[in-house]
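Colleague: What follows is a structure written as structure tokens; I'll ask about it next.
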Amino acid sequence: MLALDIILGSNSIYASFSFSKYVTLALGLLAAGLVFLRFMIEASGGNRVRINSNSLMALFIFLFVVVFYLFAQNVFWAKNFGQLANYLGLFVLFTPALWLYVGVFGYRGLLDKYVKLMVMIAVVALLFWGLGSIMGLFAPTSYFTIGWGGNNQVASYYGVYFETQFKTIAGHVVVRNSAIWPEAPMYTMSLMFALLTQLFVLPKRRPVFVTILIISMASTLTSTAILILVGLATYYLWRATNVFSPWYRLVLVLMVLLVVSVPAMFVFSKFMNSKLNGFSGSVRVDDYITGVKAWIKHPIIGEGFNNNKALYKFMNMNIREYYNNGELTFNKGVANAWTPLIANGGLLFMGTYLVGLGSLFRLGGSWRVLTLFIFAMMFLSIMQYTTIMMLFIFAVPFALENDSDKERFVRNRLWDSGPKNFMAKSSREYGRG
């Protein structure tokens, strides 16, 4: 349930319906309730649950910062009462609950369930996308109005797959696979976290899972997916040449990249040029300019959580206008995470995210590769206020001192439980670092 909570809270389409105003608060309450219930179950069974003192102190500091920001910005400064429920759900309820859960029970069991659920969602989405959206073997079963980027009506297949975006390829309009997300790039981000977790965090190798996730990323038809897959291919190619000397290793990588990438880069360059020279590219560039201008006005504590009105006044609306069903409208969305983060929260919130990323990087090993991907992807997608980001930036690095964190819960639970093989089995079950 907690893994499903994380998925639904990562900008899923269910949070974008007109009747979903307080979904983030509900998800936060659900997460806190689930963690509290788990603690109560363990306590009732006579199991000792210990929380690392350093983790607890870091949690108190985090709560002090976010609560201070909450009252200073949302209530007294920006008077942004409409976002109060979202803020409380994400930062005051969900993140601390996740923090405590990971610090006591570990992270691998939770991440394993997250990956499995994402693979299930990916399989369902591929079936509906291929048979319904592409081949047209059956029609949508219903339609919903979502508030993502304005009020838009989207087609749905039994409420588990949605057609939210289209792309023109060689004169043909093709539906992007966005699964249960309001746009394909957001689905790409969730797939990315699942893929990177499977590759770099979980010990069990699952080639079928990896294949499904890669195919799903390709079906989103996004430049973000291309960049992620190219980056992963380059990384694994570099690792595969470890047996060679550094000089031959570099030459071999360059030769393979030249041979393989010529046709790929031709397609990719045409794709990127169409974006950068068109409406999407101009808006993306203006996003960064807007963020810097808004940040300069209030550099320390920013303009307020999700205070989009503060961003609008700095946007170049001349390049953001477009026609939707014959009606002139403006694209007021932001396509990267850093712009709203620094504009909404200033150096205060930016600092907490950078410290979180630094702590994740400090875990060493494959965590460093994962951290670099997250940092880079924050320039390409709006993912800063999602539950999956709370897990990787705040819960995992601060709740665990390192990747081989002491198995506090497993040892406490099984101290008097018998044979060592039972301890080893339970250790694997709970997925300790």
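One is the number of the first residue shown, and numbering goes on along the chain from there.
Placed from the backbone N, Cα and C atoms, the Cβ positions cover glycine too.
All annotation found in TrEMBL is predicted automatically rather than curated by experts.
Sequence annotations record features per position, and here TrEMBL assigns transmembrane segment to 22-41, 53-72, 84-105, 117-139, 184-202, 209-238, 250-268, 341-361, 373-400. According to TrEMBL, the feature domain 'O-antigen ligase-related' maps to 210-347.
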Colleague: Based on Cβ pairs under 8 Å, which of the stretches 22-41, 84-105, 184-202, 209-238, 341-361 lies most in contact with the transmembrane segment (373-400)?
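Modeller: The stretch I would name here is 84-105.
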Colleague: State the residues, same chain only, that lie 6 or more residues beyond the ends of the transmembrane segment (22-41) and have a CB under 8 A from a CB inside it; answer 'none' if no residue qualifies.
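Modeller: For the transmembrane segment (22-41), the sequence-distant neighbours (Cβ-Cβ under 8 Å, at least 6 residues beyond its ends) are 1-2, 5, 8-9, 14-15, 49, 85-86, 88-90, 92-94, 96-98, 100-101, 104-105, 387.
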Colleague: Among 84-105, 184-202, 209-238, point out the range having the most Cβ pairs under 8 angstroms from the transmembrane segment (117-139).
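Modeller: Ranked by Cβ pairs under 8 Å, first place goes to 209-238.
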Colleague: Other than its close neighbours in sequence, what residues sit by the transmembrane segment (184-202), given a CB gap under 8 Å and a spacing of at least six beyond its ends?
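Modeller: Distal contacts: 7, 10-11, 107-108, 111-112, 114-115, 118-119, 122, 125, 164-165, 176-178, 209-210, 213-214, 216-217, 220-222, 224-225, 228, 232, 335, 366-367, 369-370, 373, 377, 380-383, 386, 388, 392.
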Colleague: Considering every residue in the domain 'O-antigen ligase-related' (210-347), what is the mean pLDDT value?
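Modeller: Reported value for the domain 'O-antigen ligase-related' (210-347) is a mean pLDDT of 74.
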